[in-house]
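Each remark here refers to the structure printed beneath this line.
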Amino acid sequence: MNYRFDDKIGRRLLNAALFLCVLLFIYMANLTLDVSEQFMLGWGGVFILVVAKRRSFFQKPLGRILFLVIVAFISLRYFLWRTFDTLIYTGPMDCVMMSLVYLAELQVSLVHYINLFVNLWPLKRRIAPLPKNQSLWPTVDIFIPTYTEDVEITHVTATAATLLDYPKDKLNVYILDDGSSEQRRNNPILASAAWQRYNEMQEMSARLGVGYLTREKNEHAKAGNLNEALKKTSGDLILILDCDHIPSQDFLQKTVGWFLKDKKLFLVQTPHFFINPDPLEKRMGSFGDAPGEHEMFYRAGHPAMDLWNASFFCGSAAILRRKFLDEVGGIAGDTITEDAETALGLHGKGYNSAFIDRPMVCGLSPETLEDFLVQRTRWCQGMLQIGFLKNPMGISGLSMPQRLCYSSTYLFWFFGFARFLFFIAPTLFILFGLQIYHASAGQILAYAMPNLITSFIASDYLFGKYRWPMYSECYEGLQSIFLLPAVLGVICNPRKPTFKVTPKGKNQTQDMLSPLAGPYYLMVVIMLVSVPVAVYEWITYPIYRDVILICASWVLYNLAISFASLGIFWERSQIRRHHRFPVKGKITAFLEHDKKIIIDGEMMDLSLSGIGFKFPISDALKQGDIVILKTNDSRGDVHELSAKIMFLANRKGFAICGCEFTELEQRFADVVKMVYGDSQRWVDFWEHGGTQRPSALYMMYQFIFMAGKGAKFGIIGMWRFGRESLKSAWTATAVS
Amino acid sequence: MSTLKIKNAFVASSRYFAKVSFSVLFFSVLLLFAEQSLGAQRDFFEKNVNYKIDNPPIKNDALTFEQLGLGSSIKLQGNLAHSRLGFGSRLDELVTEAKIDVIYTYSPSLANEISQVRVLLNNQIAGYLPVEQNKAGAPVKHTLIFDPRFLSKYNEIEFELIAFREMRCATKAQASMWLDISNQSQLTLRTQPLPLKNDFSFFPKPFLDVNDFLPVEVPFVFPENAQAETLEAAGIAASYFGSLAKWRGISFPVHVNLLPQKHGVVFATNDKRPDFLKDLPRVNAPTIQLVTHPHNAFVKLLLVLGRDKQDLRKAMEALANGSNVLAGPFAEVTHVEDVLPRQPYDAPNWLPTNRVIRLGELIDSPTQLQAQGRTPRQIVVNFNISPDLFVWRSRGIPLNIKYRYSPPNKEDDSHLSILVNDLFVKGFPLTGNGVYEGSNNDKLKIPLVDDLVHGVTDEVLVPGFRLSGKNKIQFEYAFTKPDSGDCRDLTANYMYGEIDADSTMDLTGFPHYMAMPDLKAFANVGFPFTRLADLADTAIVMEKEASINAVEAYLDLLGSFGASTGLAATKFSVYDSAPFTGIENKDILVIGLMAANAMQESDQHKLLNAMVSNIKKTINTPIRQTEYVTLFQPAQIKLGREVFKQVEFKNEGEIGALVGFESPWQKNKSVVAVVASKPAVFKKITSALLKRSDDISGTVSLFRGDEIVSFQVGETYYVGSLPIIKLILFELSDKPTLLSILIVSICALLLVVLWKMIRYAVYLRLHRHK
């Protein structure tokens, strides 16, 4: 292909043209129009976007750019108007709150604009096949860092790692156990547990034939752990897997090829796939229906950043090239998101990264709200640290788009601050009469409303496949109040936050009101209170009706969001050793004692402990029977395992059967291979959720339904919590 | 920003100081010379005195309150309500008797004997107006005689209503206690003229007395056939008096070779003099002299003398620039130092657009910003705005108002209302401690309204300042009357409200750019001629032997220019015959008869041709803005055509016209023609202009009988300049197709650039490694 811009002058010309266009564009967006003209312009734009959104032309590159340019124009007009026309000083308190709200909007807008650019055209990267000649293949070390997680979890992952399709002489698996370091084994409090873990781990490593590495001190958390292992090993490439990230067999086959193709490649990142719902999904009941929260980041964000060579290391399910890692002194450790920081450093050196959009690890989401928030707090603080300590705008060697990509990633994490302000802003006016947004109802209609709707349309256009409307609002709204202290903490002292491991695979043993509920409930109550106050003000101050109307609708919107996530605080018990996930495919079952009886059925769900399938109703199988199950996966491998029928029932014309693997311990590797070996399952799982996108109306209905459900659980939780506390208080007094 | 403002103020003030020091220096030199050559000149007039001072003519001046400036009757309501009325007395008159005939009407609720109107003259009790129950409800006339000893240069009459009801207490019944003083009430002054010394230290009194609020009339006396020599000097004089007369209205009756009955100005060269000055010694330099009227000891004449046209001009320029340093009866001008040339739009009466203005700059005395009483008079601040400010899509004029007031003793409905041009803008509650320092939050933004450049003004939501014309901001305090219950003491009625002189108004940042012709701007402020306050860019074309009416029209126009700018115009030139050198790059004001074609003989009849063809075009060709005009004024268009046919073909009717068009010599220069079919019609035109009649607008105004009809027709052109981007946008604003094409093409360009970029990026990421 002949590209005229593949030289310096051409590129400079292109940049100059872009700069000029952007200037003209901003100038046009800043033109003062009458409110009526702006009204036409804004709503006209919205109309065009609505009509254009589903047209095929707008799914092509040129159409996509046009669409995003229109979006940028509408929101830029709003933002410039907001900046130059609505910031008016009316008193100290007003001014402080107004500035804060404006800052919040600034954050949202900045992220929005940068995202419009970053997401111009997500790269569709194909998988590069490995050469026939295996001697050319690089050697690969697999690092499975673990800290306090169950040995059992690591066991599964390590087993899966040994099963990867790759020449055995070029593959080394290491468990990097930080949980039984010398430091911990010598610590009087931890010693016994650490010794026990140490022994179990060593025994397990020996059994699997994988390397076991531990170190003296737990310095620099995960980064330190990895760096220590880097010193002790020598493979060309390093695959890093969190201890709960079970790789499918084809992982290396589908990723290593790019390292051979691109000599400057330092990273191939793959998406994380989670087999269990996160706390919010659990409460909303959307798991498997709606795309998961992380999907937008991995499936939309990373391919988009990949175009600009800015897809970054996400800590796990990624392969790094040792040579380049050594050049920058291993994994970085200045921030608590060592992964992104390392990638930033290597990008700065001019090396490339790649993202392959195929889920090939299967991991676990945090189970409880608290764990979920621990994880998010770490991401938030870490990314903000990157912003403060390693400002991507200031680091040399990065291209402009790379700077923008990294900036948008860290700027995004200020959302805790922004969302929180959006929650309280309207109540400030209703309850305290603070004037924080100076605009007439007409201007709101002409500027703010089209902007708001445009931003919804835009995010639906860009990410609709990976995130349903309102989900972002729920997730971010829920996190906001808890991330706010984290944000402030980083702002005050960027070096302070320390690494906290996300607890995974924990089980909730009893129903309880999350201890975090307090502040969130308080916020909801304040919003609830402001509704009748708004009604009262509507009646008493007719001249302020437009403002009151605006604020009241804003509060209602906030309430809907917070209701939808309210139920999350009422956490119900869940005891399950292994997560089941839905699968498809044929399965054949033989009775162990009578191999002539063959039943052809369809798989329904699968987990490490067992399998569920359905078949035409027949009397052949009975509860308690031992059956041999035979199935093919998409790779063509045949799995044959024996299982005991634990459950049998007839539903909708089919017999439904639940079995438990009988030789789990003896044939663990085979079970792992059957359950986790085929990445096509994860692809199917994602596609199942993504492609059947219901209509907007249905999603709206569902959202309202969710809000109602959330409110219900929230109130039940409150009620029970109150009752329990009263009871215990009562008994306490009675005893004394 | 603030440093910039300070710097601007500094530059302005240093320029002012330079001017003042120049003129002081120059006139001190001038006076030295004057002393020496005084002899012969003074002697002449002392010899020729033939009048008596013994028996001065007594005069009775009756002025209605309306003439004294009361737009409507005085409405007094409630106990201690009061109102003031001012009048002045002239320097050259002695008031021997003063009385007022008050016509008033009052409420039947006012109790006999207890209620009354106290009348004070200059804070001295001057009497009272009785209230008798049986005359309630009908106008009553009462005469009060003032003691002339209490009169001074400026006098104030104060009416204070002392109102009680017979039944119990008055507080609950304030509304029923009203008294109304008609503005047809009369002030009668019996005056006796005073002989004044011939001394320039009084100047411009007695010709124009600032204590006299009535319209001013200054007769100008010319020798016969001396138009060429005297006209320019007379014009300077007219604009000089105009600049002093301000709002009073001024006119200049022309006398040719006749002595006036009033204080007047006489123009004469050595060769051409009125008969009564025949024997005056010849002068050798520009000379100004104050003399007594030969037949009336109480009337003064200002002689403007010289050898030729240039001398007269110099004499007048000197007087206009430095009257405040003159003394004695006589001055000879040796040379006139050029003061710094005026900058465009720097007329003293126009709001500067290069810096922020304090309201204090726009008033004469600090008390003008103060009001007292429970329902005090409006505080009014008047000002002119340059009519060519480009207000298209501008963001309005920020007003930062600070004010102080007597704090009401409890929070009540007392408030301050702000009005712009009689339309309410915003009210402020009066609470707290009585000081409102203003803050950015209450910066009012008053839009500038470009009224009727192209016809219909679209959606003006907030009252705005008008371009092209006089504007005022009004502040109205209203203090709630305390309801202190039955028979308890009322708090004092003297509530004060003041607008801080440091309140500011910000007119900076508007470019000057305007669609012409615009006769409204001409009528209101003399635009475009007054753009340079000294009229340096103005050429005035008169007929060769102009009629007295035409000369009067010329003088009146210059007087009104002076009133508009506040500065004597000294730099214009008058042409009455070929060659018209230098006229090419100036704005041209034509004053002449339609029938007369003095200019056609000249080699340059371009101007007249242009004018005639313009008028013809106006009338005969289809009109561009037909829709607008025919929609709203179909009848008048017809009328206009008829009128002009009449003008052209019969030339007999009494018809006049104001026509504006672009100069045939140079783009962006304007011509305004004041034409009349008969000399007498000029008076109609000028009086309409002086009244700033709203009927004058557009490009052509026709005067027939008492009717004025205006049209927006013919070619539009633009004067001034705009930043290029704004100009482009303005030009595009009424070409939506072009604008959208431009926007679309910018978007398309952006699209292509981004697209190329992406394709390049995809290539880089996926294919280059091969």
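Heads up, the Cβ atoms here are built off N, Cα and C, so glycines get one too.
Automated prediction, rather than curation, is the source of TrEMBL annotations.
Note that the structure is a prediction, hence the values are computed from the model and not measured.
For A:12-29, A:35-52, A:64-80, A:100-123, A:410-432, A:444-463, A:520-541, A:547-570, the entry in TrEMBL reads transmembrane segment. Summarising the annotation, TrEMBL assigns domain 'Glycosyltransferase 2-like' to A:237-436. What TrEMBL lists as domain 'PilZ' is A:574-667.
Of the candidate ranges A:12-29, A:410-432, A:444-463, A:520-541, A:547-570, A:410-432 contributes the most Cβ pairs within a distance under 8 Å of the transmembrane segment (A:100-123). Residue counts for the domain 'PilZ' (A:574-667) by DSSP state, with H, G and I taken as helix and E and B as strand, are 0 helix, 54 strand, 40 coil. Away from its own ends, the transmembrane segment (A:444-463) comes close to residues 35-36, 38-39, 42-43, 45-46, 49-50, 53, 58, 67-68, 71, 74-75, 77-79, 81-82, 112, 115-116, 119, 296, 300, 469, 472, 546, 550 of its chain (Cβ-Cβ under 8 Å, at least six residues beyond either end). Within its own chain, the transmembrane segment (A:520-541) is flanked in space by residues 423-424, 426-427, 430-431, 478, 481, 548-549, 551-552, 555-556, 558-559, 562-563, 566, 569, 714, 718, which lie at least six positions past its ends and keep a Cβ under 8 Å from the stretch. Within the same chain, residues 25-26, 28-30, 38, 41-42, 45-46, 48-49, 52-53, 58, 105, 109, 112-113, 116, 119-121, 447-448, 450-451, 454-455, 457-458, 461-462 sit at least 6 positions outside the transmembrane segment (A:64-80) and bring their C-beta atoms closer than 8 Å to a C-beta of that stretch. Listed by sequence, the residues of this chain that lie at least six past the ends of the transmembrane segment (A:35-52) yet keep a Cβ under 8 A from its Cβ atoms are 58, 63, 66-67, 70-71, 73-74, 77-78, 81, 440, 442-443, 445-447, 449-451, 453-454, 457-458, 461.
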